[in-house]
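A.B. asks: One structure is given below, represented as structure tokens, and several questions about it will come after.
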Amino acid sequence: MTDAPLRLRLDTAALVANWRALDALSGAAACGAAIKADGYGLGAAGVAERLAGAGCRDFFVATWREAERLAGLGFDVAVLHGARAEDMAAAASGIARPVLNTATQIARWREGGGGRCDVMVDTGMNRLGVSIAEVEDGLLDGLAIDTLMSHLACADEDSAMNARQATALRELGGRTAARRMSLANSAGIALGADYAFDLTRPGLALYGGVPRGELAGVLHQVVTPEAQILQRRTLAAGESIGYNALFTATAATEVAILNIGYADGYWRGFSNAGCARVGDAALPVIGRVSMDLTAISVAAAPGLVEGDWVSLDYALPAAAAASGMSQYELLTGLGQRFARVWTA
Ligand SMILES: *Cc1c(COP(=O)(O)O)cnc(C)c1O
């Protein structure tokens, strides 16, 4: 196949260092990895292979389609959205275990013969999960539960809800046959030992996202988009560029047009706000990001020519602030046109 004109540089050492740091912060608890949404856009198999090599044993995806793409690679995968009727054949094949969320899913699982499963209990987020009352009434009795888990609604904030959720989960200790309990996502790990239970489930922070200030010095950037220059031009003073003419040159401006746009997940919020880089030279985005193309000023590196490559600034907290997108969206939106290139 033809080489792509845009690529994601994915830093193995940074990914592994992030997991090791989160594992250390998890104390005695094991540290897993959320690799749903294709490993937050990086590529689930590539992420899982590298983290398994570092010692990670627990992987979480959202759907059975995602589990099927990992089947046969030897990872211990749990499917967060449980088991619909449509999923039972895949579940029976043993490629992963469901995280059961509702009384209906639990009945379906028992009818299908049961077997090892996880269960999500709702402790206040009111998204997925059985209620505490259902657990206390015996809904889970006799189930072969590996991990009884819950999910924090406000872990990235200093909210009283965090402690309430941890207490609610802790009070279920011993009420089921679960081998382990689990609560913390990335931000939850930073809340400390009371939130670690037996297993933590970071996603965002593995990939360099920083959900809480405590993690800022701890995590490394993993993902860097790079794009090739398709055309060089010079804007004369008074000329504008791009859709809706959102940038007008006040003096002659050297410009490069990059092969990247919002269809690649380089969102329109980067219009007049993002920045590319070659070496130490900062090359600001000018005008509106379009579907497949983005213009930058190359005043700081006028020697750039058609075919050269530039990196886009993608340190996630800063890129989120610049674009108005969440750090999660900046990862999971990364499109299929990138060549994904893992470096050591
Ligand atoms: C996505 C998800 C995680 C990981 O969350 P991050 O905020 O990305 O660390 C953990 N647990 C559940 C249930 C999830 O859905």
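Numbers run from 1 along the shown chain.
Placement of Cβ uses the backbone N, Cα and C atoms for every residue, glycine included.
Features from TrEMBL:
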type    : residues       : note
MOD_RES : LYS36          : N6-(pyridoxal phosphate)lysine
BINDING : ARG127, MET291 : substrate binding site
DOMAIN  : 222-343        : domain 'Alanine racemase C-terminal'
A.B. asks: What residues, ordered by sequence, lie under 8 A Cβ-to-Cβ from LYS36 (N6-(pyridoxal phosphate)lysine) and sit at least six positions away in the same chain?
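C.D. replies: Listed in sequence order, they are ALA44, PHE60, VAL61, ALA62, THR63, GLU66, LEU80, GLY203.
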A.B. asks: Compute the average pLDDT of the predicted model within the domain 'Alanine racemase C-terminal' (222-343).
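C.D. replies: Averaged over the domain 'Alanine racemase C-terminal' (222-343), the predicted model reaches a pLDDT of 98.
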A.B. asks: Restricting to the chain of MET291 (substrate binding site) and a gap of 6 or more, list residues whose Cβ falls under 8 Å of its Cβ, or answer none.
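C.D. replies: Set apart from MET291 (substrate binding site) by at least 6 residues yet with Cβ under 8 Å, we have GLY261, TYR262, ALA263.
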A.B. asks: According to DSSP, collapsed to three classes, what secondary structure does MET291 (substrate binding site) have?
C.D. replies: coil
A.B. asks: Enumerate same-chain residues with a sequence separation of six or more from ARG127 (substrate binding site) and a Cβ-Cβ distance below 8 A; give 'none' if the list is empty.
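C.D. replies: For ARG127 (substrate binding site), the qualifying residues are HIS151, ALA153.
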A.B. asks: Using DSSP, what's the helix, strand and coil tally for the domain 'Alanine racemase C-terminal' (222-343)?
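C.D. replies: Final tally across the stretch: 23 helix, 45 strand, 54 coil.
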